[in-house]
């Protein structure tokens with residue numbers, strides 16, 4: 001049953017859950033957007049059957065209309081409504097290459113079986129051409145005979161009964177028709193290709209063990225020389241963003257080729273497409289940093305544990321995350337020259353004698369030490385006090401500041417502003433998430449020294465504003481600027497300024513970037529002093545600030561949709577991708593001449609353009625590929641476009657598609673890219689605002705957080721109440737889970753899942769008026785400011 005009219009009429013809930021159709025790309029059916037080369041699944045299982053018909057699982061039938069480009073065949077799959085069908089399954093088990101399968105469009109149906117746009121064949125005697133049609137049906141539907149389809153009602157606005165037409169079509173002996181098992185079983189893997197299947201009717205289609213051609217296993221198992229990318233993008237992101245966010249995120253970042261997983265847990269390969277985003281962040285941020293008098297340098301990856309432990313509150317924040325080298329570097333600080341064999345043997349004997357004497361002496365010393373500790377009643381320390389280990393930097397304060405102590409002597413040496421682009425290693429953690437939480441990540445970290453606290457604090461705030469500009473002007477992400485609570489302040493800092501982000505799909509916040517006013521805490525520890533113009537010796541005031549690849553993960557989470565990645569234009573490696581569409585060599589020559597002209601014009605306007613001129617890929621495959629990679633704007637150039645002197649434009653973030661004057665692209669495209677960025681920023685800001693609520697009681701705060709919101713609430717800024725809020729939030733969530741388990745809405749295993757604490761995300765810079773006499777939501781002390789509460793990564 002094929003229908004090409006625009007489906008504007010709402011489906012009646014009394015209709016039965018069955019339909020077969022082919023659709024045009026980018027058309028809308030209800031709330032579902034149908035995009036070229038996406039394997040869409042439609043069933044009407046939400047609709048109820050008529051009262052006089054029994055409801056069975058097999059009443060819901062999913063129907064897929066696909067085209068085998070290689071053989072120009074229409075392939076129809078009819079499967080049980082509670083099962084799934086994937087492109088990879090079709091290739092692996094039926095021997096039909098996934099890269100030759102596309103969604104059957106209106107023109108395909110017309111060309112293959114002769115159905116006109118006006119609708120289906122109007123009478124049962126007017127059948128379509130069926131020589132190039134293959135129908136695969138799920139074995140669970142095997143009990144059906146053609147007349148059983150009378151149980152299904154027709155769907156308006158069809159004028160004839162589609163079940164009668166389906167009966168006629170399925171009864172036609174010329175149709176290649178085959179039952180299959182879904183999910184595919186091993187025995188089905190050996191089935192011959194669709195075009196080799198003999199014609200059969202539904203009445204005599206018991207599965208037969210047809211001899212397997214020798215080439216079938218070869219087609220199932222891709223040869224090693226075949227690049228993985230050839231089959232890596234045949235199917236779009238499977239999971240929905242709002243249904244299984246974790247799986248959606250994982251598929252999005254891998255299918256869009258941002259990252260690849262590595263064989264060390266918590267570490268990831270940043271692929272060229274992902275690294276290009278970081279490069280653009282570097283370019284923009286580096287320029288802003290240098291404009292403020294900061295110079296780039298590079299400091300070592302390794303840090304002495306003794307230096308790392310000098311600031312107790314600082315190291316306490318990283319204590320569990322510090323990675324130490326296993327090799328004891330102290331025993332071999334200088335390289336050893338090669339010696340002759342005789343010298344080596346003599347040396348070994350001498351070392352053995354010395355080692356024996358040393359061991360005896362160490363035993364005597366150890367005995368004396370034990371006696372001394374007992375006499376003086378000194379307790380053994382619970383942790384080893386050996387601070388000679390070498391660590392991989394979790395942060396670089398302890399690496400920068402010993403050098404600052406050497407370089408700063410006078411007020412003339414101030415301010416000292418240095419920045420480095422480097423990697424960071426933080427080893428122990430849970431819930432690894434690429435970009436968001438990993439053992440190694442890339443970042444920029446700046447460290448400055450100033451003559452006064454006021455100057456340092458002002459610079460820390462300025463850098464926090466810079467980070468906000470990067471998010472909004474480059475990544476199209478709105479931020480909430482504020483200051484961290486005492487419990488969330490960076491170890492050793494006086495104040496931590498932050499840019500907080502929000503992911504609406506899971507209701508979690510993300511700490512986007514931070515800037516810390518350190519005061520004189522570190523300068524006192526590392527003895528960083530200067531002589532002022534009045535010959536007074538003073539400690540310098542300091543700042544540190546950082547921006548990481550976490551920003552890329554935040555961009556994916558905030559802007560992405562069910563189809564995958566969406567890139568803001570200013571961060572995209574390719575702002576525009578041009579897809580040529582042609583059939584003949586003559587068309588190809590004319591189209592590429594026009595594309596070259598367009599490319600030259602756009603590149604002169606600093607637009608990053610890529611022409612997808614792959615010969616072995618269909619236009620539909622290219623549409624899917626670049627849509628999955630989040631390219632902001634796709635341009636299609638075909639023969640009809642040349643005749644009309646236009647190009648077809650597809651906008652990734654909105655799904656809009658329209659025509660542009662081909663002679664004015666140098667003006668229209670830059671303007672459209674700017675419009676796309678502004679729309680994405682405006683949409684993200686609207687979503688963030690919609691999920692930010694205000695409350696005055698702890699109960700109201702928790703109720704809103706459970707609904708995926710952040711909450712502004714009055715707070716006393718008391719450190720004790722901050723801890724109480726976190727503990728109470730965990731208790732509240734656990735109690736809710738227990739109630740749901742008792743009702744049977746959750747499984748008992750859900751009680752053991754990790755509970756995300758509700759905490760103070762920040763105290764926003766923009767403060768609503770505080771009602772007079774307003775009390776804190778937890779401590780019952782007078783509230784000082786409004787704080788932003790919620791869950792966070």
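Cβ atoms are placed via backbone N, Cα and C, with glycine included.
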Candidate ranges 97-143, 144-190, 191-237 [criterion: TrEMBL lists as region 'Disordered']: 191-237
Annotated range (TrEMBL: region 'Disordered') out of 39-96, 271-328, 329-386: 329-386
Overall pLDDT for the domain 'Aminoacyl-transfer RNA synthetases class-II family profile' (266-568), taken as the rounded mean: 85
